[in-house]
Amino acid sequence: MSSSEDRPRRDDDSRYRDAKGRQRPEVRRTGGRDRTALRPADRRRGGDPARKTAWEVSRRVAEGAYANLELPKALRHNGVDGRDAAFATELTYGAIRMRGLYDAVIEFAAGRPASQIDPPVLDTLRLGAHQILGMRVPPHAAASETVALAREVNGTGASGFVNAVLRRITERTRAEWIAEVTGGRDHLDALAVEHSHPLWIVRALRGSLLAGGAADDEHLDAALIALLAADNAPPKVSLVARPGLASVAELVDAGAEASKLSPVGATLGHGDPADIPAIRQTRAAVQDEGSQLLALAFAAADGSGAGHEEWLDLCAGPGGKAALLATLAAGQDAVLFANEVSEHRTELVRRTMAAAIDAGIEVMVGTGDGRELGSEEPDTYDRVLVDAPCTGLGALRRRPEARWRRNPGDIPTLTALQTELLNSALDAAKPGGLVGYATCSPHVAETTEVVRAVLERRDDVQAEDARGLFRDAAGQQVTDLGDGPTVQLWPHVHGTDAMFFALLRKAGGDR
Ligand SMILES: C[S@@+](CC[C@H](N)C(=O)[O-])C[C@H]1O[C@@H](n2cnc3c(N)ncnc32)[C@H](O)[C@@H]1O
């Protein structure tokens, strides 16, 4: 990772410049070049709205909220938009995501453990650390503005402490701080701190890379570092054009770029997806390209041979894959049943499906415990998808707080549920039918281990090689999918979430 010294620095007030590089009049009035050199915090008592928004969202996240839900509300409430909103977004997400590294730096600079710093003050310090070490804000401006924020939200007394700690942080580059706070740690622990992941997740990701054949011993370290770095990079906005309802060309006309990976995908470089009519109308949606490829692969597999097929999405909420599957099923004379355990999420599935339903596509949406469906409706469906509840370790780049919320104790409960759901799906599948098992986690306990444990206890199921079903936009097989027969996608290799997919065939039937 490059140090902050390597990067070009933005001018202090460049956030306030217009498209032609001119400063906005109000900034020129209050803060020309000479005035800026006096430090904004010395002139203004309060924090600016963008930084204050980032702090407010950080506080709510500390109380259990999700940053991606809180931030838009807070931006609206505080009237922060345009470049200031982009700044607040980068600041909020970065400070939460990189908390592992920044806390280590703050502890060193403050001379006390982070646990002994008042949490609202610690949040202010993390925002300051991210501006100094992770953004292109000049260090002195970052410190001064953050001290002004501290004065407003933490009080005058605490702002002195914030000032002292941030001034110390500005004395070194990012690279120097990383060397300082990782020195003396063992290799994985040092990677965990530098790349701001809990150590147990670093260990789990390393195990997954090795087990799935994504890296051999020689290249394991480089692959792990690339993966950790990819988790810290904000993901691109991927769109799906639901077949028969929208086209990639329509999304391209709306400003997106056609995906090279997904035949039904596009990437939006800038702008709000909600401004695209096809998205507002649920003919298209925001969806990771890995999820798109997975649904396309599931639909492309050889069916049970029984003709008019019935497909079941066992864990459908909020409905992203179900909506794609419904349109794909309609194109193959099949019908989709979408099941979800939570009433609220079943309602989300219905909303996601609105355009498909309006277009006359036959789709049944219902609420039920997927673990019981196998015994309630045995030997019924030609295909069953289990997109299982999981740790989400494959989508850490999307949820800045997720890595700090999960813990290894979550895994046994989840794998028990995943195993039950997979067994139930197999029971619900017709003889000769297919079951797809998917997670947005690459953790082997949730992926290959669940599949292995289920196959070991059943004599009516076989795994099929799913790799040939993953086709890119040019129709070529997607590369680097692992040793098979299962598929593992990776953020650092494919640019997708780390989705896992296994394809299982139930014995019997006409095949
Ligand atoms: C990974 S999400 C599915 C994502 C969805 N397929 C999509 O693409 O939008 C897992 C879903 O399983 C649901 N779930 C959890 N336990 C379940 C159960 N026992 N039966 C059915 N669904 C369950 C969760 O509520 C959650 O909506």
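Glycine is treated like the rest: Cβ placed from N, Cα and C.
Under 8 Å, Cβ to Cβ, and six or more positions away along its own chain, Cys440 (active site, nucleophile) finds Gly290, Ser291, Cys390, Gly392, Gly394, Ala395, Asp497, Ala498, Met499, Phe500. What TrEMBL lists as active site, nucleophile is Cys440.
If you look up TrEMBL, you'll see Cys315, Ala316, Gly317, Pro318, Gly319, Gly320, Lys321, Glu340, Asp369, Asp387 marked as S-adenosyl-L-methionine binding site. All chains included, 24 other C-beta atoms sit within 10 angstroms of the C-beta of Lys321 (S-adenosyl-L-methionine binding site). Under DSSP, Lys321 (S-adenosyl-L-methionine binding site) is assigned to a helix (H, G or I) in the three-state scheme.
Annotation comment: TrEMBL describes 212-507 as domain 'SAM-dependent MTase RsmB/NOP-type'.
Sequence annotations record features per position, and here TrEMBL assigns region 'Disordered' to 1-54.
Counting other Cβ atoms within 10 Å of each Cβ, the binding-site residues Gly317, Gly319 show the lowest value at Gly317.
Largest Cα-to-Cα span within the S-adenosyl-L-methionine-binding set Cys315, Ala316, Gly317, Pro318, Gly319, Gly320, Lys321, Glu340, Asp369, Asp387: 19 Å. In this structure, Cys315 (S-adenosyl-L-methionine binding site) belongs to neither helix nor strand by DSSP; it is coil. Shown in sequence order, Asn339, Glu340, Val341, Gly370, Val386, Asp387, Ala388, Pro389, Leu421 are the residues of the chain, 6+ apart in sequence, with a C-beta less than 8 angstroms from the C-beta of Cys315 (S-adenosyl-L-methionine binding site).
Other Cβ atoms within 10 Å of the Cβ of Asp369 (S-adenosyl-L-methionine binding site), summed over all protein chains shown, number 14.
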